[in-house]
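Trainee: Here you go, one structure.
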Amino acid sequence: MLVDTVADYKSSVSSLEATTYLFRIYRVLGINKPQRHKNLYIFYTIILNGLVNFLQPIAFTMNYFTNELVSQLGSLLTSIEIVINIYGCTVKFIIVAWLLPRSRATFQLLKKLDERCQAPDELELLKSIKKFGRLVIVLLAVSYLSYSVSQFICSLIAGHPPYGLYIPYINWKRSFWEFLVASSIEFLLMNVSCIVQASNDAYPIIYINILRTHIKILLKRLNRLGTDPDKSSEEHLEELKLCIKDHKNLNSLFETIAPIISTTVFVQFMITAAIIALTLINMLFFTTNISAVANSCVYIADLVLEIFPICYYANCLIDDNDLLSLEIFHSAWPEQNKIYRKMLIVFMQRSQQSMSLSAGKMFPINLNTFISVSNFLEIFHEINSFLIY
């Protein structure tokens with residue numbers, strides 16, 4: 001539904017095109033209903049999400065009651081790490097699916113902002129964000145799917161299913177064909193989970209950068225404000241009013257996407273904290289193999305790096321937004337009339353409102369949070385090195 005609206009744009013370039021791949025994935029995942037065949041799509045949604053987002057986590061949990069790893073505490077902790085990630089991915093996906101209709105409001109806001117883009121440098125920024133949004137979803141999907149593929153290949157070589165899920169009526173130890181069927185089912189389910197995870201992680205990155213792009217475009221307009229000698233005072237005043245409307249639309253866009261980003265990133269922070277704690281306990285007390293310790297370190301590093309892009313771009317959003325008041329102050333206002341200057345003062349005061357995101361209204365989403373997590377890991381790494389050597 002949201003993908004179809006991109007074609008309705010009259011302009012040659014639109015920032016909404018940065019979300020084209022994202023919403024195509026949402027359609028594949030069953031949460032972006034098309035205009036046609038709605039009943040068939042609902043049936044497809046129930047089957048797909050029933051298998052991936054409900055039965056798969058249950059199958060991972062049932063594995064504890066049917067697998068010998070419950071007697072090995074180290075293996076149990078390793079398995080729990082994966083289960084937490086699976087449940088967390090499902091929770092984030094449900095949140096995104098529930099709040100996704102809010103994204104329709106962003107379509108109208110982005111349409112208003114895009115229609116204002118006429119200058120070549122502004123259109124160039126729109127082209128850049130279009131490429132960036134599509135590149136983000138491709139890179140995340142490929143990187144997550146590469147894990148699924150490598151795990152599948154390694155498990156085939158080792159002679160056991162990738163994750164040992166509980167699948168009724170299939171015992172992979174009984175025959176070679178049942179082993180292949182079990183491995184293939186797990187591989188397909190994990191591939192869909194990887195796509196779900198990629199879409200969950202791509203949403204905040206793409207929308208934050210769309211917002212940043214339009215802030216940069218507004219900065220360019222503010223820089224040109226009142227500098228054209230051929231325009232009258234009334235025309236300069238009208239340009240200022242249009243910039244104020246742009247800023248109002250930017251604030252509305254921020255308020256629309258902030259709840260989705262806040263809740264999903266909060267869940268991701270909780271997942272990261274829980275898995276890091278379990279992994280470090282496993283490394284400190286139950287892992288004696290150096291290669292296993294190295295694998296755990298790589299796993300933790302990957303987990304922390306997963307939250308780095310959102311923290312980085314959220315920090316950039318704050319910095320870009322802070323430039324607005326400075327650009328307004330340094331614009332060509334001394335030559336303008338009294339009405340213009342009064343309106344500019346009010347505009348400058350409103351532009352000082354920060355666009356800072358928070359995870360669940362508890363943790364700020366910025367580089368300081370990321371650095372705090374990194375420092376936490378460094379302390380445990382030193383403890384682990386001391387115990388080993």
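Glycine residues also receive a Cβ, built from the backbone N, Cα and C atoms like all the rest.
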Trainee: Examine the ranges 41-62, 283-304 and name the one recorded by TrEMBL as transmembrane segment.
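Mentor: Going through 41-62, 283-304 one by one, TrEMBL gives transmembrane segment for 41-62.
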Trainee: Which of 41-62, 82-101, 135-158 shares the most C-beta pairs under 8 angstroms with the transmembrane segment (257-281)?
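Mentor: Checked against 41-62, 82-101, 135-158; highest Cβ contact count belongs to 82-101.
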Trainee: Could you give the residue numbers and ranges of same-chain residues that sit at least 6 residues beyond the transmembrane segment (82-101) on either side and whose C-beta is under 8 angstroms from one of its C-beta atoms?
Mentor: 26, 29, 31-32, 53-54, 56-57, 60-61, 163, 193, 196-197, 199-200, 203, 259-260, 263-264, 267-268, 270-271, 274-275, 278
